[in-house]
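Have a look at the structure below, then the notes.
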Ligand code: HEC
Ligand code: HEC
Ligand code: HEC
């Protein structure tokens, strides 16, 4: 018995030592010389880097509204605290101007900073881990070709134990792919290009795939939809009812490359940003490849109530300039507000008055009885850069009270989506804090 006890104790000591070595051993640097040798020189490298930096949408998270691109400072509210994106311009004091190629590649592939500290997965490195080393280096070359910006990001606000960065080493072991995405020989070149763009670059799953208990993307439910920062990133699997299985290739192509599609509404919130900063800059061939890949993702049913009804009775009975008699469904306040503040751009028949960007017919946002994204759009407004100029909707957060926005939302859902909803002023008050 005594012997067994000693053996057990020895085993525990050995395991504990192993874990300690794993947690505290300095992180090694990857060898990037082979990839460096394969890269083009000069402007060709910077151009390739610019395209890829856009495709990976680094700017969305590393820039605050109206501020210098890539200078960081954007807040990420996580369930366990707030962290801020760092400055990734080439400034030597406050940015990453002193980082070597190998240190940069390690950050993108393993989520480890210059000092060997682990980074948190609010930085989408679990996706970028699948990027080739050459592409990562091209991105660095582009970022380093821009003027450095001096700007310190605010300090992170994380309590114990979440401020213990080494804990992420276990997470990385479990959830971060090692090595670039391997092409699937059974699929076409277009599909493989789409897979690479979606998984290693555009990181669609970081927003659209639900997360597990450990905050890792749950690929068993790929693209089934998730909530982030007060918005729903809808189900984009090929499920016909709750996903985008009913969308034509053309609709998906238009939505991703222009930010709106006929009878599907507009991209707003962080999807609006993804289109504006990133997707609309990609070549038509690359968008087509993304469409091919996304449409091949197996259907996932979700419990989301946002099932789109394209032709609700009130909508089809209305003209662009006048609503059908549907005022009876509400107390009249919502209808009155829509008439005063919204109808001049959106019209009453869902086609949009000034521009097709304002078409609401068939949009999931006006079909979701929870009103999640609808309330956010009304509070924050929306905009999109287009070949016809900037399309925009003003923010109404300060113009209207919670009571007014709740009534307006219920009216919009009834009229444009044929949905019975019960959005309360408390729902709007909550949305204001997100
Ligand atoms: C979804 C948001 C998001 C995207 C997209 C994103 N980042 Fe980040 N990044 C962050 C956050 C947040 C941190 C800080 C994480 C932390 O403090 O642990 C970070 C950290 C970094 C760091 C570490 C810098 C330092 O000083 O420690 C580098 C380098 C970096 N990102 C580069 C990039 C590049 C290059 C891209 C595009 C390929 C990119 N990021 C895209 C959110 C993002
Ligand atoms: C930063 C988070 C984020 C990323 C990255 C992102 N999305 Fe989205 N996506 C959203 C949100 C939020 C919405 C809801 C937008 C709205 O209500 O207008 C959305 C909406 C959509 C829709 C519309 C679905 C519907 O039923 O109306 C499609 C299609 C879509 N995304 C595809 C993609 C694809 C493909 C990618 C990658 C190339 C991607 N998204 C990347 C957050 C994101
Ligand atoms: C100045 C014109 C204008 C006004 C006023 C306006 N909107 Fe908009 N709205 C737009 C445009 C343009 C878009 C598309 C923006 C984009 O593509 O980013 C939009 C988008 C939307 C969307 C998102 C559609 C989708 O498919 O996700 C909703 C919902 C919406 N508006 C509702 C309203 C409501 C309710 C009001 C009144 C409080 C209103 N809008 C006032 C122009 C306007």
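Every residue gets a Cβ built from N, Cα and C, even glycine.
Within 10 Å of the C-beta of residue 58 (heme c 1 binding site) we count 24 further C-beta atoms, all protein chains included. Per TrEMBL, heme c 1 binding site is recorded for 58, 61, 62.
The annotation heme c 2 binding site is assigned in TrEMBL to 204, 207, 208. According to its DSSP assignment, residue 208 (heme c 2 binding site) is helical.
According to DSSP, residue 345 (heme c 3 binding site) sits within a helical segment. Annotation source TrEMBL lists heme c 3 binding site at 342, 345, 346.
On the 0 to 100 pLDDT scale, the model's mean across the domain 'Cytochrome c' (44-147) is 94. As annotated by TrEMBL, domain 'Cytochrome c' applies to 44-147 (among others).
Per-class residue totals from DSSP over the domain 'Cytochrome c' (189-298), listed helix then strand then coil: 57 helix, 12 strand, 41 coil. Per TrEMBL, the feature domain 'Cytochrome c' maps to 189-298 (among others).
Summarising the annotation, TrEMBL assigns domain 'Cytochrome c' to 329-416 (among others).
Annotated heme c 3 site 342, 345, 346; additional same-chain residues within 8 Å of its Cβ mean position, judged by their own Cβ, are 338, 341, 343, 344, 347, 352, 353, 358, 360, 393. A simple Cβ count within 10 Å picks out one of the binding-site residues 207, 345 as the most packed, and that one is 207. In the vicinity of ligand 2, defined as a Cβ distance under 6 Å, the following of the binding-site residues 58, 61, 207 are placed: 207.
Per DSSP, the domain 'Cytochrome c' (44-147) is made up of 43 helix, 10 strand, 51 coil. Note: the CA-CA distance between residue 342 (heme c 3 binding site) and residue 207 (heme c 2 binding site) rounds to 29 Å. Among the binding-site residues 61, 208, 342, residues whose Cβ is positioned under 6 Å from ligand 3 are identified as 342.
Residue 346 (heme c 3 binding site) sits 28 Å from residue 208 (heme c 2 binding site), taking the C-alpha atoms as the reference points.
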